[in-house]
Structure formats: C-alpha cells, structure tokens
Amino acid sequence: MKLVPEQWSVEGVRQSDFPEQEMPPLTEMPGSPVQLNGVILQPDHLQSVSQPQLAFQIQPVTPDPAPGQARETWGGKYEFLLSCIGYCVGLGNVWRFPYLCYRNGGGAFLIPYFIMLLFTGLPLFLMELSLGQYGAAGPITVWKCCPLLKGIGLGMLLVSSLVSLYYNVIIAWTFYYLGMSFQSPLPWSCDAPRNAHLCQNTLGNSSRFSASEAFWNEQVLGVTHSSGLDDPGPVRWPLAICLLVAWIIIFLCMLKGIRSSGKVVYFTATFPYFVIIVLIIRGATLEGSIDGIRFYLTSDWSRLQSAQVWNDAASQIFYSLGIGFGGLLSMASYNKFDNNVIRDTLVIAIGNCCTSFFAGFAIFSVLGHMAWRKGVPVGAVADSGPGLAFVAYPEALALLPGSSFWSVLFFLMMFTLGVDTLFGNMEGITTAMTDEFPALRNWRQKTLFLGALCFAFYLLGLLLITEGGIYWFTLIDAYSTSFGLIIIALFMCIGVAFFYGVTQFCQDIVDMICHCPPWCSHVVLFFKACWVFITPCLLLFTLFYIFLEMYHTPLHYGAYVYPRWGKALGICMGTLTCIQIPLWALVAILRESGTLTDRFRKAIHPLSSWRTATAREEAIDLPYTINLADSDFASPPQGSSEA
C-alpha cells in the first residue's frame, strides 16, 4: 500500500472479508486522491470495504530498535535441489527400504510403493514446497493462510526436534565406526585377536554370536550392562565426544544460514551416489552376490493382499521424502517466487525413490557374498534399523579384500547421508523460530540461539548414549514419527484443500509458475483430485492400520520387550505432536469475536499479510498502523453475502 507523503501499512484486515464486487469506491471520482487527516492516500492501492463510511484509527507503532536482517534466499536453484535431495536421501534409504522389499514380497513391494508415491508422496511433497515458496515463511508463520491450523506448524517443529535429538546420535555412532575403520584388522572382524574365540565358536552353531554383533553391543553401546529403560547406566564417554563433535559440525554449517549449507550440500548430497556406485561395482565381482540380488528382487505376489504391505509402503514414503517434518517447507521458503515447484517435486521425489531402489543392489550384493561365506540364507544376515547399518554391513565389509578402505568409504557415506537429513530438520526449527522472532536473524542473536539449541540437544542426547540408551533411542524412533506424523499430514491436506480452498491453492501454484506449460496445467488437475479425495483417504487407511498394529504388536529391541509404561510414554510422545493442532485451533477461535460460526469463519480466512509474498521486497515494518474499528463491520450492507 503506497501512501504519500509518509509510509503507512494496513494491518488487521482480511482481504477475503471484503470481496471486490462488494466494494464501493471510496472516492467520487476515479483516479482522484483521498485526503485523510492531512495524509493523501493514493486510490490505486486503497482497499475498499463494504461500509460506505469507515472510521480509521491511526495508531503509532514503536519501531524495532534492532530490526532483524532481511530473509535469505538460495544462491542458486541447484543448491535448493541438492539440499532437498540430500534431505530426502537419508539413512532410511540404506537400511530400511531394502529390508522392507525383502519382508513384503521382494520386487512385488515396488507396486504398492510406487502407488503410494503417486497418490500420497508427490501430492503432499508439492503441497509443502508450494506453501513454503508462496508464503516465504517457515512451518509456523506460513499458516497465515489459515490461522486455525497454526498448530500444524508447532507439531512439525516438535517432530523435527525429536528426530534431530536422536538422529545426531546415529552420526555419533558413525564417527565412532569411522575412527575404528582406520585400524587393521578391523576391531569387529574375525581377524582381530579379541574376536578369535567368537569366530571359532561359530562353526556349526546356528545360534552363534558374531564378532560384529559383539563389538556393537559391548564396545559401542554397552547394552549388555543394562537391563532396560529403567536402567540407563553411565554415559559412554567415547560416544559423548563423538556426539559433541557431530553437534559442533552441525552448528558451524548452520551458522551462516542456507547460503553456507547450500555450498556444503554440493559434496554431502553427491558423495553417497559415488560410494553406492563403487559398492555396486565391487559387489558385482563378489562370489554369491547374485544370490543377494535374487533375494532382493524375488516377487511374492500373494503379499499384496496384506494391509501391512500397503502400510509399510506409505510409511516408507513419509520417512524417505521427509513429509510433515517442516524441513521441506522451510527450504522452499528461501526460493524465488517464480521457481517451478512442480518440476522440483518430480525431480526430487522420483530421484529419491529411485535412489532407494538403486541402493538396494549395493547392499544386497554385499550381503549375498556374506551369506555365501557363512553358508547361511541371505535372510539370516539381513535385518532392519541400526542392526543392519552397524552389525550386518560392518561384518560384510570386513569380509572384503582391503576391508579398512571399504569401511572408511562406507561410513563416510553414512556420515554425509545423516548430516544432509539433519540439515533439513534443523533448518525447519531455525526457520520457524526466526520467522516468528525476526530479531534472531541478527548475527549475534542467531549465533546465541543456534549455540543454545545445539547444546540443549547435546545434553538431551546424552541419555541416548548411556549403556541403556539404545532402548530410549528405539522408543523415540518408533513413536516420534508414527501416528502423529500421519495426523499432521492429514490435517495439512484437509486444511489446504477445504479451508484455504483447493482452487485458490492451485491458482497460487500457477501464479508462481509464470509461464506454465500445458503439461503443468494437466498435472495440477491431477494433484487437485489427490488433495481433495485420494490422499486423505489413503492417509486415513494408514492411520487406522498404525493404531491397529500399535494395539496388537508389542515394542521390542532384540529380546527385550518394552514395559507398558514405556509404551505409554511413547504414545504420549506421539500425542504431544498432533495435539498441538486442536489446542492452537481453539486459541485461534477464542481470539476472534462474534458467534462461534463467525469465529470459525474468520479463523480460516487468510490474514492480510499472507498475500504480500509476491512483493516481499517491499513488505517491511513501518512506523504507523491503520486499523479498522469493530464498529465498521457491525452492519453489512443489504444484499451483500459473506465470503
């Protein structure tokens, strides 16, 4: 809004409350300026209202003595693409996807996987990118488009915090293994003197205790000295040092913002592909590798009748694409307004899923060789979660010629995969806070905030590297991204489609893509159908199955079965993330005035500042504010209809 001779801004007015067709001109002659209390208002930028007379209240606003710095943008589109690819391609692509293929029918699992990608992954991925880019705001502030759903942003913030808490512990484990990989022989191999008795006892014994498993449980975790959740024991100080180094690296990379981390991803996002290609080439030359590939791709079509297969496919899409964590939304908020989000969605999402499938060949070729060496089925050496990454893989690498070199290469890949994903999670947290409190963009304030945040995560993470820390790690991993994440994504989809309006949202996407080619228009229609019906239905199905499985299936780590109080604690953890949605919806309704229906209608209308995304260069804090009094809206003119 342009006001002469001084600058003013209009706040507190929702554009949707005043449809243009109901706005009589404020001036009698078009093109003539209006004088208000000695201030000339240019008519081409005035917002007319349905009242023939308005009472403007001019209130001074104290300028911020130390305004925050301007919002950053990516140095180039490739930095954004690589950051998103690095964020999505994480540790789950290495240990979770191949295991799910094996457990759910081998190659047959690819059918529900790609169906879920098409009807849930791509639509929700595009929705997050579009919201962030159009609103140029983080997970919390972006809900100016629908204040009723601000709790979705808070839920995303909590999910990202819980994941960041335990994800860096994985990086600490990786650092520990990386340091040990420079020894020869490897400390978890049968060639190490301390493991000689274990390897001798494995001959002809199907219930053997492998050297890599002994190293993982005794030397790394120390879990053999803990009895469960209620017996955490002392901190493992070698891991505490590794965890501290990991958080220092994250702090330094995040300190200069996305322009700094955007340069880092040129290495961290591309290096894993180099290692995977090298491992595939090396694995193809190993004896027994073809058995591992056959095991990976063998299809059991009868498994498609099980609901668990479809639930696993949906959950893997969420984990691998990073939907609902807020990281995608935050990274997209630094894009230029006219960036082609549809193209980015197709490139990133499809590229990520192909990477998961591609990585399976590297993993199972090596596991096939390990099974051949031991004379056991491939299924006997494949497992899910940390056990696969830190037990089966190190054991397989120890069997390769030049094992130390391959081990260093593998754990460097694990480090880059973990760091990239953690960048995205931390970016979601920092962006949400700096958008809510712009003063944190100041260099000194940001340094203090990031330092305090990383140090707090480090202190909380010490619980996860105690002797019983793996039990707490598994608990947080199982429930932090369980039903709460699905509920967040469901309400995000319903809120945008039905409260904000799916037609308006599609128009926003077209507005961002200035020169939308014909194929873009057709793709938008497909996504529109998904957002309105298909995606919510699939999310409800997934949510129902998660609750069903949670009720009937006990949580366990190895032979340890979690007590009921531990499982209840995990459910409370998941509930804490999704309960933010109704709590903040209630706050939004209570802040409005009028009847309950009026309050609800106002709470789902975009705020007046939402549409400033296209001109965010001019959207600055100004010294005065013009507000409309409540009495100005008391009696709408006859014949008008509320939007």
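Numbering starts at 1 and runs along the chain as it is shown here.
Just so you know, glycine gets a Cβ as well, placed from its N, Cα and C.
Curation plays no part in TrEMBL annotations; they are all automatic predictions.
Cross-referencing Cys190, Cys242 with TrEMBL gives Cys190 as the cysteine bonded to Cys199, criterion being a recorded disulfide. Taking every recorded stretch in 110-131, 237-255, 405-426, 447-473, 523-548 and counting its Cβ pairs under 8 Å to the transmembrane segment (264-284), the highest total belongs to 405-426. Taking residue pairs at least 6 apart in sequence, the transmembrane segment (80-98) and the transmembrane segment (346-367) share three or more C-beta contacts under 8 angstroms. The stretches the transmembrane segment (152-178) and the transmembrane segment (523-548) are not in mutual contact, being linked by fewer than three Cβ pairs under 8 Å (pairs 6 or more apart in sequence). At the 8 Å Cβ threshold, with sequence separation of at least 6, the transmembrane segment (405-426) lacks contact with the transmembrane segment (110-131), having fewer than 3 such pairs. Among the recorded positions listed here, namely Asn93, Cys190, Cys199, Leu417, Asp420, Asn93 has its C-alpha nearest to that of Ser320 (Na(+) 2 binding site). Of the listed recorded positions Val89, Cys199, Leu417, the Cβ environment within 10 Å is emptiest of other Cβ atoms at Cys199.
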